[in-house]
Amino acid sequence: MPWIQLTLSCSEEHAPQVGDMLMANGAQAVTYRDGADTPIFEPRPGDVILWEHTLATGLFDADADIKAIIANLKQSNIFGSDLQYKVDALEDKDWEREWMDNFHPIQFGENLWICPSWREIPKPEAVNILLDPGMAFGTGTHPTTAMCLRWIDANPPTGKTVVDFGCGSGILGIAALLFKAEHVVGIDIDQQALIATKDNAERNKVGDKFSLYLPSQQPETQVDLVLANVLAGPLRELADTILGFVSPGGQLVLSGILERQIEGVIEAYQPHIKFDTPTIDGDWAMLSGTRVG
């Protein structure tokens, strides 16, 4: 069955609404891509982390009235007469090949890779996460996740207990376990994220060491390392909860923070955390530190 692919250019702020509009107009699937071709492996459930310039692509049946769909989109306050779009016709095999061709093994730090299952592993002796992102998972990795993965690579949590707070696809917890962490507790507000994490952990043969909870069920525990890749707002609002997981002398990694939000997030965790120098990647920042009180 042939398909029609409609790609729209929009801002990060409007991308989730654009995706909703594409689905409301009959799209069978929606993917997001950075306008500069920076891909993503891990979106946030209910709060998609995107980019300053985003391409949202809807996949429609071949008999969809694309002209009418475009006319509908032009009526929105988001686009109006400034709608920028591209229409492509794809055969089934073309869509599948195009989607798969967008995924390649990606290296983080010295010894950590993410590898789609259909690609040859470039470095078998390295730590390799096997991750087959579905269409909703985009086409690569966002800087917030990449910084965390590089931190894990540089600070292997061997023998440590870990909380992956806002686990999403489970990629950070899986990385910790593949670096020989003792156990990971994953927490997320989205049940579908927990299902995805469970599947990904089992694919990487660490499912027996990855316990998963909704916030209402999360255990009262303290661990050696807490990884929280969410957004600055929740990091501030949930500071007491997140701090409660960090054992004395334990480590804390916070990501999903814009550079201009660093000071506000640090204030929420002082005086309990002694932070290292922030890690910066583009407009994004990651904070790491040690619990001192």
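Each Cβ is built from the backbone N, Cα and C atoms, and glycine gets one as well.
Swiss-Prot lists T145, G166, D188, N229 with the feature S-adenosyl-L-methionine binding site, giving sequence analysis as the kind of evidence. When other Cβ atoms within 10 Å of the Cβ of G166 (S-adenosyl-L-methionine binding site) are tallied across all protein chains shown, the result is 27. G166 (S-adenosyl-L-methionine binding site) falls outside any helix or strand according to DSSP and counts as coil.
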All-chain count of other Cβ atoms within 10 Å of D188 (S-adenosyl-L-methionine binding site): 27
Per DSSP, three-state class assigned to D188 (S-adenosyl-L-methionine binding site): coil
